[in-house]
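Annotation source Swiss-Prot lists compositional bias 'Low complexity' at 342-361. Under the heading disulfide bond, Swiss-Prot lists Cys117-Cys194, citing sequence analysis as support. Residues annotated as N-linked glycosylation site in Swiss-Prot, with a curator's inference given as evidence: Asn24. The region 'Disordered' annotation in Swiss-Prot covers 338-361. Residues annotated as topological domain 'Extracellular' in Swiss-Prot: 1-43, 107-120, 184-209, 284-291. Here Swiss-Prot flags 44-68, 81-106, 121-140, 160-183, 210-237, 260-283, 292-316 as transmembrane segment.
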Amino acid sequence: MHPPRPTTDLPEDFYIPMALDAPNITALSPFLVPQTHLGSPGLFRAMAAFMFLLIALGVPINTLTIFCTARFRKLRSHLNYILVNLALANLLVILVGSTTACYSFSQMYFALGPTACKIEGFAATLGGMVSLWSLAVVAFERFLVICKPLGNFTFRGSHAVLGCVATWVLGFVASAPPLFGWSRYIPEGLQCSCGPDWYTTDNKWHNESYVLFLFTFCFGVPLAIIVFSYGRLLITLRAVARQQEQSATTQKADREVTKMVVVMVLGFLVCWAPYTAFALWVVTHRGRSFEVGLASIPSVFSKSSTVYNPVIYVLMNKQFRSCMLKLLFCGRSPFGDDEDVSGSSQATQVSSVSSSHVAPA
């Protein structure tokens, strides 16, 4: 693989990070011709099929999350507002980002043009950032409710709404700059989906500073909030457990909480660590060659989160799962288990906290 082309000959709307045997790079524009010089047609078809799978799974799961919360009163707790917010952000990514990518991969180039690329890049980044910050808010809200660092503070609906609004404000702050000249939205990887420009340097777009901004503001800070909040939550629950008799119910609840926390943190890392690692590697290894197809993997991981985040935060919750089954099967669960978090798990304080707060319900 040849090193990337010099940054002195940059088109305004795209950049292909590899040397290409073409006298006029514009003739290979990802907005004009199939990008089969970057990968085989089979690879593009496979990516289109994967994006279609994300759409087919993500739309029903996230739509059901919203509909079930509206339909069942017991799901409309203040701590669940952020899950509806997460579902809305996921739907934005799916309906704009994944759908556009699916069509583009099927055509093997970004057939919708530069303006659509900017719209798709902005919308997908906005939805992704809102989703990312929603995971941090989920963790922090549970820290406030369970650990009670503010004493007798009561978590109200207004606080939940404020948390949701904050995610959209922070998401806009992170995703809007490329629309105004701080970095830019261009086709990435196989040139069939759009995102911030990680590839170029020493130019008018100042991409290096934008990448560092995203790394700090949209990965480091949320990750610190998540690790701190869930770490304190585990410490608090262990302290509660030590004050009680170590019954089988308490031990089971403790294991469930620990497992849920680990899954939540890993879900965040699986979603965003590849994107962050790739962007930082490109910024700090200018001139180093890399497989262009691999540059599509981080985007795939982030778009996949629209499916596995609802699985972690919604389907792993008994109350949400029970309500979804009732909705789908006309009011009765096919398994005959009217799961309710107010059952035997409330035999001890720690088990009650684990089921109704850590796994949001």
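First residue shown is number 1, and so on along the chain.
Heads up, the Cβ atoms here are built off N, Cα and C, so glycines get one too.
Because the structure is a prediction, the values reported are computed rather than measured.
Taking a C-beta cut-off of under 8 angstroms and a sequence separation of 6 or more, Cys117 (disulfide bond) has the following same-chain neighbours: Asp13, Phe31, Phe110, Tyr185, Ile186, Pro187, Cys194.
Between the transmembrane segment (160-183) and the transmembrane segment (44-68), the number of CB pairs under 8 angstroms, six or more residues apart, is fewer than three, so the stretches are not in contact. Taking the topological domain 'Extracellular' (1-43) as a whole, pLDDT averages 72 in the prediction. Counting every protein chain shown, 34 other Cβ atoms lie within 10 Å of the Cβ of Cys194 (disulfide bond).
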